[in-house]
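Per TrEMBL, the feature compositional bias 'Polar residues' maps to 1-11. Feature annotation from TrEMBL assigns region 'Disordered' to 1-20. The feature cob(II)alamin binding site is assigned by TrEMBL to 82, 158, 182, 193, 240, 265, 266. Taken from TrEMBL, the feature active site, proton donor covers 158. Look at TrEMBL and you will find 203-232 tagged as domain '4Fe-4S ferredoxin-type'. Per TrEMBL, the feature [4Fe-4S] cluster 1 binding site maps to 212, 215, 218, 272. Annotation comment: TrEMBL describes 222, 238, 265, 268 as [4Fe-4S] cluster 2 binding site. According to TrEMBL, the feature tRNA binding site maps to 247.
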């Protein structure tokens, strides 16, 4: 007995196609979706199944059990969902993984030599990617539902218990490099990820293979030694974690290694040789809000000034106190005695972590006592 579709009035129509015809329809739907994804601004799209990454539950458990997640308690929370995407939404049949470029138009490592200026991760120099990517995901999702009525979607971008990088590798969008970030032969390393879970059945792509070979560039450049081994990260030593997620004082042993990096770190991304194939980013809203501002200027921000300056930026999420803490560590590493007064002016800050960072910075800039004459 064949299955039947119905027209808009409920009348009987033609039997549903079967076999190769159904596959052809799914392939056509996927091709149309890919074209629409590019039209709304995504650089690449691939598809996988929610159950395509059975190994991530064990990897996540090992990471958390070793304490390498630091203060990120949310990594352990809802671990059943985080380690098992199929359990997050059992009705989902396909996961659409999307990439959006933010390739910089300059070498992000040059600012590390400008010790009196702040090094801010490229992704945070413009508008908050969470907002921009999510808008595109929703726009693409609406189109998908219009073309395929009766289906459902859920969109995710970095804020839900979804491990995007393993899913992206399973979908063939790229592979997780030795620094654990996603790499692509076509896009390099500078791209955001977003996902659409849907009840629509779409043909899955082949997973991408790891292509790092014997290269160690990302491992060797890490200033804090945050990679215990290739493909392993200890977040507790990662500057991105320390400047964004870590609350309270940073271990004094690690502070000098942070240099002038006050929000995130791009070292392991920037040295990857696959970036020579990277396409230019076209979304101008990811650029130009903060770039490399003077440390002195940033250290003087009060709460209102901080919120005004970083409105619409991902930097706003860490708050003034953690931000100024980071700036003071950079001042302490600046070897610029002229910044001593700025640090000293914050040694009695209302936030004890800021005050501690100010005392540390002032101590680092204090001229060494000269030996007494004869």
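Easy rule for this one: first residue shown is 1, then count along the chain.
Every residue gets a Cβ built from N, Cα and C, even glycine.
TrEMBL annotations: computationally assigned, not manually curated.
Separation of the C-alpha atoms of residue 158 (cob(II)alamin binding site) and residue 238 ([4Fe-4S] cluster 2 binding site): 18 Å, rounded to the nearest whole number.
In the structure shown, across all protein chains, 182 is the one of the binding-site residues 182, 215 with the greatest number of other Cβ atoms within 10 Å. Mean per-residue pLDDT, taken over the domain '4Fe-4S ferredoxin-type' (203-232), amounts to 98. Ranking the binding-site residues 82, 193, 215, 266 by Cα distance from residue 238 ([4Fe-4S] cluster 2 binding site) puts 266 first. Reported as a whole number, the C-alpha separation between residue 212 ([4Fe-4S] cluster 1 binding site) and residue 247 (tRNA binding site) equals 34 Å. Secondary structure of the domain '4Fe-4S ferredoxin-type' (203-232), assigned with DSSP and counted as helix (H, G, I), strand (E, B) and coil, comes to 5 helix, 0 strand, 25 coil. Sequence-distant neighbours of residue 268 ([4Fe-4S] cluster 2 binding site): residues of the same chain at least 6 apart with a C-beta under 8 Å from its C-beta are 179, 181, 218, 219, 221, 222. Rounded to the nearest whole angstrom, the C-alpha distance between residue 265 (cob(II)alamin binding site) and residue 272 ([4Fe-4S] cluster 1 binding site) is 14.
In the structure shown, the C-beta of 265 has more C-beta neighbours within 10 angstroms than that of any other entry among the binding-site residues 193, 212, 218, 265. Taking the mean position of the Cβ atoms of 212, 215, 218, 272 as the [4Fe-4S] cluster 1 site, the remaining residues of that chain whose Cβ falls within 8 Å of it are 177, 178, 179, 183, 216, 217, 219, 271, 273, 274. A simple Cβ count within 10 Å picks out one of the binding-site residues 222, 238, 272 as the most packed, and that one is 238.
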